[in-house]
Amino acid sequence: MGSLLSQLGLECGGKAVKEEERHLRANDRELNLSYKYADNAIKTSKYNIFTFLPLNLFEQFQRLANAYFLFLLCLQSIPEVSSLPWYTTVVPLVLVLSMTMAKDGSDDMNRHRCDKQVNNRQVEVLVEGDEKWMDVQVGDIVKLENNQFVTADLLLLSSSEPLNLVYIETAELDGETNLKVKQALTVTGMLEDSVEKLSNFNGEVRCEPPNNRLDKFTGTLTLKGETYSLDNERILLRGCTLRNTQWCFGLVVFGGPDTKLMQNCGRTTFKRTSIDRLMNVLVLSIFGFLMIMCLILAIGNGIWEYQEGSKFAAFLPKGVNAPFSAFLTFWSYVIILNTVVPISLYVSVEIIRLGNSFYINWDRKMYYPKNDTPAEARTTTLNEELGQIKYIFSDKTGTLTQNIMTFNKCSINGKSYGEKTEKVDFSWNNLADPKFCFHDNSLVEVVREGNPEVQAFFRLLALCHTVMPEEKKEGELYYQAQSPDEGALVTAARNFGFVFRSRTPESITVVEMGELVTYELLAVLDFNNVRKRMSVIVRSPEGKLTLYCKGADTIIFERLNPSCSNLTEVTTLHLNEFAGEGLRTLALAYKDIDPEYMEDWKLRHHVANTAMDEREEKLDALYEEIEKGLLLLGSTAVEDKLQDGVPQTIEQLSKADIKIWVLTGDKQETAENIGYSCNMLREEMNEVFIVSANTAEEVRKELHRIVSIFHEQSFITFLLPIPPHLTLPPTSLSPQAFALEKDMEIELLRTACMCQTVICCRVTPLQKAQVVELVKKYKQAVTLAIGDGANDVSMIKAAHIGVGISGQEGMQAVLSSDYSFAQFRYLQRLLLVHGRWSYLRMCKFLRYFFYKNFTFTFVHFWYGFFCGFSAQTVFDEWFITLFNLVYTALPVLSLSLFDQDVNDWWSFQYPQLYTPGQLNQYFSKRAFVYTVLHSGYSSLVLFFIPWAAMYDTVRDDGKEIVDYQSFALLAQTCLLIAVIPLSTPHPSTSSPFIIHVFLSERLVVLWCVCSVGDIICHYVGKCLYLNACCHAVLYVTGTARNSLNQPNVWLTMLLTSVLCVLPVVAYRFLRILLWPTINDKKIHKLLLDKVLPPTPRRVQARRTSTRRSGYAFSHAQGYGDLVTSGKFLRRTPKSRPALFSQTDSPLAQTQPQFYRTISEREEPPLSP
């Protein structure tokens, strides 16, 4: 079954009238339909069979160039104005419209197919039976089975699991691969799977209107006069997948575009490249320039008619009217000089972009064979923008890392374990996880010897957690952990002899060194982002009360007994060492509790837990009271494995002067660890600044302080913790909630841009987008966002370019992205190779295109001064029609698709070659002005030299060869021969070959077609089709033979070509000699290098760090209440399939990770 989101699209329509509150009744369609809520259908297509043609044409004529050529076509229908036949405009216009229409139609057909696939999926509705997704209505009760996608946003009613639990996978929604647990209300859980009870269920739900808050839901359920509170733990969101649950029933609350998934996806915006935006400005400038030229020629016509026109009055039926003649001439020259407006430019650009997109799709070096995942260019409009990236915004979990946690090291009672020695053999433990790997036999020895501190360490790991166990058969345990960290820690305890076996709301059963022990669970002091710790209070079979606590080391150390000072110092050294290796750390402590104190504390805890006001504050105070005077046991170190090649990729991109910001929802300590692991943070950096103020004014002061101590030689990093909820009261906001406000965002951006690395932690999906928008708004730079989960969609859409990682965290990011691949390391090839080539090719194409069009048009302009400003064309009609579409299209398209200044290997060796794209050195307004000036010079050469060569010229037999057709043939041939060698503003190895091929083809075709065309035309007559094939030579029989037989004609061609090319060659020579660019220097160096030195291998240096991670959990609040809910198991747990059935996958291994240098080619070439 494919991904639910793979076909949903991104258009999230809004309601015409804002909904204040949603009210619905179960199993009452008539009532619910009266509210006119959106159904569950998804529509992402733009057209249907009736609207496609008119709507598509309307959209296309919104392009200024298309509308302009339609206006020209209307002008050409006026005989008094037009001096060109209608087909000179119709042919290119129809070709452009047809190609664009075919592309749009194909894309929309795919959208229709995707919509149909999703909307026609079947789901079992309680009352109506099996129905299509699109027919499901708000208020319906639907049944989901294991591995099915959630149809809509549902209120969970009942399930097949104990305690009405369901297990869902939210990888499509929030990027997390671990299973989440949801629980139905007890009152609805009693409905079970009874069709009769469910059919009679008539509960009424009042809840919040549709919104994009994935982590919040507020509502009430009214049933039989009783009102029950509803929160996010009762809701199954569309986009989730039901896992390890036989069945469940849910009440549809939101459908289709109202679901939180679709509300959160944001509005799709059409992305345009910086070159597109520049082209729009240039096209408007060209329009203005065209009007000026036409005005000059019209004024010239008026003057000429006034001074010279009277001499020809006798031949005209109505005499001469100079002003009216000038008016008509103005519009005639608008038609003749229309080639300066590049209508074929858009078609050529689309062809080039399509070709470069295919190169990305076909690149085997960006193919990931493990998952059979190739790179994919999901858009064809942004390729050249890949060569101009200045800022990269990256997610962490699943993008930089694999989101796979392994227990690597630990510190127990002042001794560090986990040095890289031989692999530990756990065969003595029948319940050990065979995939678990550890490298220190001494730890096993002390555990088996009965060391009390070591055993207490692993006992804590086996008891202090919220993991749910699953045992398919005796000895085969599977842990369902809400965070990979917890799963890794509980698995470590399992392998070292403390096996977490089962749990009930009142007890935890552990196998301790082969002995089954059941602990009474008295309380779970749950985790939250403020506490940064979790504790459990248990009673052992001997009646001993103990509090076990794990959490951030800074938090735990503050609550230790003073007697632990010496052990704290040693453990701190170990923590520094672990953090220096980029590991995620935790501190562990315990405390024995007096039974009398515990009885009093439990009473106060019950009062606080049932309070209606300030419940959380009262509970936190009680937790703070009991979690004091702890005794330190040690610390753990868990590795969140990086993807292959991440450090090398970040290093390469940094050399290309690309700034990388990490935007993650993880805690500050975790983000800092990954920063060190992937070389974003390095020890040579002077300081890591962390903003930790609690008020807007304090945040402003801290930003000012950072700016004041910054100097040019500093290498600093800015860690930016952003709160997960911006709707909290101001006193509860973390600093960046204030920093992202309007009056402080400039200071935030200024400070961040001074830093070499920026890491934003605790960010929500929409805050990620805010950070990206902030950089886009105030920095004139191209941005790229890369992520792998649905929590990255907003960021991906906000950036100029969005890249999705098609990994373990679902396909939502991929579906919203512009480009996708399987591994982060492929990003360097996408940018440094494909992006750079695409940008370079596009710039070459644009400069050449404007050069040839302006040259072509200026020749007409100069000719106006020699034809009495009569709007006569210097070239024949078919040459004008096919100049852009045929004659000059193929050479530049070939260069734009195949040209490489250096190959991919050199692009990796010299990342600095990427920087010209960031600075817009190859195409800008200045480059455009230079191109126009160059065209003016070339047009003077191409017009006046052939004019002088043909003026008063006779053949060897004394007959004249000067006539209009002969001059037109010579001028257009000189034009083609001159402009093709200049089709590459920056020479490359492939340019000479392509130029020679097309020049030779032009001359051969010209001679053959001219000679054969004369004979055909003489005996067959003038045929429109043959005119199109043979262009000017068929206009007057014998013109080509009469002209091309003369030596001076060939000499003129050579002379014009030399004079046009010589200034360009001289300029390039002087520029490279006197003002070489970074590309010139690197290309010169690689041309001189005959044998390249071997690529140095990176050596992973062992280092220590004074910075360490405090708390490693990607944890969520609320699971403590779930496991201590006090509800007894009503059913026997049914066996469920294993969470991870593929045991031979490298991603399922827990072996230590070694990095290798990622090389793109085994041996470098000897020449570029």
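The backbone N, Cα and C atoms fix where each Cβ goes, and this holds for glycine too.
Those TrEMBL annotations? Automatic predictions, nothing curated.
The domain 'P-type ATPase N-terminal' annotation in TrEMBL covers 25-90.
What TrEMBL records for 281-304 (among others) is transmembrane segment. Listed by sequence, the residues of this chain that lie at least six past the ends of the transmembrane segment (281-304) yet keep a Cβ under 8 A from its Cβ atoms are 64-65, 68, 322-323, 325-327, 329-331, 333-334, 337-338, 340-342, 850, 857, 861, 864-865, 868-871, 925, 928.
According to TrEMBL, the transmembrane segment annotation covers 324-347 (among others).
Positions annotated as Mg(2+) binding site by TrEMBL: D395, T397, D788, D792.
If you look up TrEMBL, you'll see D395, K396, T397, E486, F527, K550, R584, T664, G665, D666, R762, K768, N791, D792 marked as ATP binding site. Cβ neighbour count for D792 (Mg(2+) binding site): 35 (other Cβ atoms within 10 Å of its Cβ, all protein chains included).
For D395 (Mg(2+) binding site), other Cβ atoms within 10 Å of its Cβ number 30. If you look up TrEMBL, you'll see D395 marked as active site, 4-aspartylphosphate intermediate.
The feature domain 'P-type ATPase C-terminal' is assigned by TrEMBL to 814-1077.
The feature transmembrane segment is assigned by TrEMBL to 845-866 (among others).
Residues or ranges marked as transmembrane segment in TrEMBL: 878-898 (among others).
Annotation comment: TrEMBL describes 927-949 (among others) as transmembrane segment. Among residues of the same chain six or more beyond the transmembrane segment (927-949), those with a C-beta under 8 A of the stretch's C-beta atoms are 282, 843, 847, 850-855, 857-859, 861-863, 866, 874, 967, 970-971, 974-975, 978-979, 982, 1048-1049, 1051-1052, 1055-1056, 1059-1060, 1063-1064.
For 961-982 (among others), the entry in TrEMBL reads transmembrane segment.
The annotation transmembrane segment is assigned in TrEMBL to 1003-1021 (among others).
Taken from TrEMBL, the feature transmembrane segment covers 1049-1070 (among others).
Among the features that TrEMBL reports, region 'Disordered' is placed at 1135-1168.
Sequence annotations record features per position, and here TrEMBL assigns compositional bias 'Polar residues' to 1140-1156.
If you look up TrEMBL, you'll see 1158-1168 marked as compositional bias 'Basic and acidic residues'.
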Check: Which entry in the list of binding-site residues, R584, G665, D788, N791, has its Cβ near the fewest other Cβ atoms, using 10 Å as the limit?
Finding: G665
Item checked: Positions whose Cβ lies under 8 angstroms from the transmembrane segment (845-866), at least six residues beyond its ends -> 275, 279, 282, 293, 297, 300, 333, 336-337, 339-340, 342, 345, 348-349, 352, 872-875, 883-884, 888, 892-893, 895-896, 922-923, 927-928, 931-932, 934-936, 938-940, 942-944, 947, 971, 975, 978-979, 982-985
Check: Hey, what's the Cβ neighbour count for R762 (ATP binding site) at 10 Å?
Finding: 20
Check: Between D792 (Mg(2+) binding site) and R584 (ATP binding site), how far is it from one CA atom to the other, in Å?
Finding: 23
Next item on the list: Would you mind giving the whole-number mean pLDDT across the domain 'P-type ATPase N-terminal' (25-90)?
Entry: 81
Notebook entry, point to check: Quick one: DSSP breakdown of the domain 'P-type ATPase N-terminal' (25-90) into helix, strand and coil?
Noted result: 32 helix, 1 strand, 33 coil
Checklist line | F527 (ATP binding site) versus D395 (Mg(2+) binding site) - Cα distance in angstrom | finding: 24
Notebook entry, point to check: Taking the Cα atoms as reference points, how far is G665 (ATP binding site) from D788 (Mg(2+) binding site) in Å?
Noted result: 13
